[in-house]
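Student: Just passing along the structure, written as structure tokens.
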Amino acid sequence: MKIAAPLLRCCCAALAIAVATPLAAQETAEPAAAAQALTPADASAWIAKVESEFGAFIVEYSRVSWINATYLTHDSDELAAKYGAELTVKQVGYATEAARYAKIEGLDEETRRKLDMLRIGIALPAPSRPGAAEELNAIATRLGSAYGRGKGTLNGQPINGSDIEAEMGNLERTPAELKEMWASWHDNVGAPMREDYSRMTALANEGAKELGFADFGAMWRSGYDMPPEQFAAETERMWQEVKPLYIALHTYVRRKLNEQYGDAVQPRTGPIRADLLGNMWAQEWGNIYPLVAPAGAGDIGYDLTDLIAKKNLDAVGMTKVGEQFFSSLGFAPLPATFWERSQFTKPADREVVCHASAWDIDNVDDLRIKMCIKPNADDFITIHHELGHNYYQRAYNKQDTLHLNGANDGFHEAIGDMIALSITPEYLVQIDMLDPKDVPSADKDIGLLLRQAMDKVAFLPFGLLLDRYRWGLFDGSIPEAATNTGWNDLRREYQGVVPPVERDAAGFDAGAKYHIPGNVSYTRYFLARLLQFQFYKAACDTAGWKGPLHRCSIYGNKEVGAKLNAMLEMGASKPWPDALEAFTGERQMNGTAMVEYFAPLMKWLEKQNKGEKAGW
């Protein structure tokens, strides 16, 4: 579920490859005048030129990317590669030049923010010395290819990445099979990357320092309108707010796994074996929900997929229901071109990218979604999520080019997820999809909440530690000799999980997670998991909701819509605390709304865990 508006700080899949391919900055950067001292006026004029030039380019880039994603051919691949390379050249040139202008004294705050956006707009900063960019590009390509070709084994037979991920969530697999898949994937995929990753770290650090940052990690942390050290402290504060909820969930799940497998496989105390949680990285645990579900929790009185079938909703019909949600809040209908140009289903005559994404092609009103919708509950929820991106894109489309984005990189995903949280039984009644008599009674709430927590709460420590680990590698606090032990130590500290087998200190287990060799920062996902609940609570408070937070419906409340739009239309034009305050009244991101949402579950978990040794 990605956005696909190609901006300097965009995280869309189409852009990820391009921005991870560094080129020499000198190829396009127009050198700042050296004959005389630069002035704040020079910086403002240069930014205006960049925004005009880049604004025009990204419209072309968007069109090419759309064609490539919806017509996968050799020719569209070639065009996408050509424009991707041009994008990279521009970004690196802009970043290098922005670093020079950033040294000017007397810059106003708005100019400085835009220069910072340009400096952090590249995913992998190459040093300017001859040969460095080419070396970094070659390493990034090797790492990406190594992950894509990676295989583990199951019963001694090779198994690829997508299949092994599915099998890790297969409850029919034995602990021995899970252990084999986990160990073989980490050994075969991660370990061979270690030398290349170490070299990439050194080169990226060198490039980041040329752009004026202490190291590559500090560059990543500089995109949050506060000093890098303060942002790191803020994320730790947020984690501490939700940690008791995670520990309670961990304690309960550990007991259920102990009951399922016995002491020899999963002890009743201590950390959990990482391969038993239904996911290769133990980042989300929803696949093992049947093993931990309270008695009778699976019967909630209705099945959303069945409700969709009873309404005879096809892909467009499901999307119309999603549009109706936003219209009820007072948002304008989607443009006619949305229905003419979006990809709703997989075409029968060609290959396409089915991964759900939301697009704003021209930063005016050419909004689209790209999906291969099937009439099921998952896609119904995903449609609401993706439309959240589209309405966000439309809201900020009058901003300057560099402000055509979310307030920070957690906001966009959080908006989509907040809308998805709104698909409650009460909402389904309001849109005449669920009979009021079939609304689950309060005694079903624990099952509903536990199912959500197994993904949303379980994810939090992993969402935080992935970048914590890389920050340590980048600043040297995790020495190269501790590359593998440092990773597994952090996983035990934050997640309370351990490898199922002894690990080699010379290995590289972190490389077995795509975002490490792919060089994709991960903190945005941690932020989004918490922000979605903060947004949701603010919306429900504005709506005057009096019941349990997890049962709230904001459908039809135009006051909520107006307040939400006021935040969305700001885009990235103001520091994110200003945008957050516009909707929630708060200037700090926090985890307290998530804690409130899951309060009934927490109370239940405390009873279930009585007599258990919490923590690890």
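From the backbone N, Cα and C atoms, a Cβ is placed for every residue, glycine too.
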Student: From the candidates CYS372, CYS552, select the one that TrEMBL records as forming a disulfide bond with CYS540.
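Tutor: Between CYS540 and the options CYS372, CYS552, TrEMBL records the bond with CYS552.
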Student: Between CYS354 (disulfide bond) and GLU386 (active site, proton acceptor 2), what C-alpha distance do you get in Å?
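Tutor: About 13 Å separates the two Cα atoms.
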Student: Within 10 angstroms of the C-beta of ASN155 (N-linked glycosylation site), what count of other C-beta atoms is obtained when all protein chains are considered?
Tutor: 9
Student: Just jot down the residues in the same chain as CYS552 (disulfide bond), at least 6 apart in sequence, with C-beta under 8 A of its C-beta; none if empty.
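Tutor: The list for CYS552 (disulfide bond) reads SER422, THR424, GLU426, TYR536, ALA539, CYS540, ALA543, TRP545, given in order along the sequence.
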Student: If I take the alpha carbons of CYS372 (disulfide bond) and GLU386 (active site, proton acceptor 2), what is the distance between them in whole Å?
Tutor: 13
Student: Which residue among the recorded positions HIS385, HIS389, HIS515 has the fewest other Cβ atoms within 10 Å of its Cβ, if you could check?
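Tutor: Comparing Cβ neighbours within 10 Å for the recorded positions HIS385, HIS389, HIS515, HIS515 has the fewest.
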Student: Of GLU386, GLU413, which of the recorded positions has the most Cβ neighbours inside 10 Å?
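Tutor: Ranked by Cβ atoms within 10 Å, first place goes to GLU386.
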Student: Cα-Cα separation of HIS515 (active site, proton donor 2) and ASN155 (N-linked glycosylation site), in Å?
Tutor: 27
Student: Of all the disulfide-bonded residues here, CYS354, CYS372, CYS540, which one's CB has the most other CB atoms within 10 A?
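Tutor: By the 10 Å Cβ neighbour count, CYS540 comes out on top.
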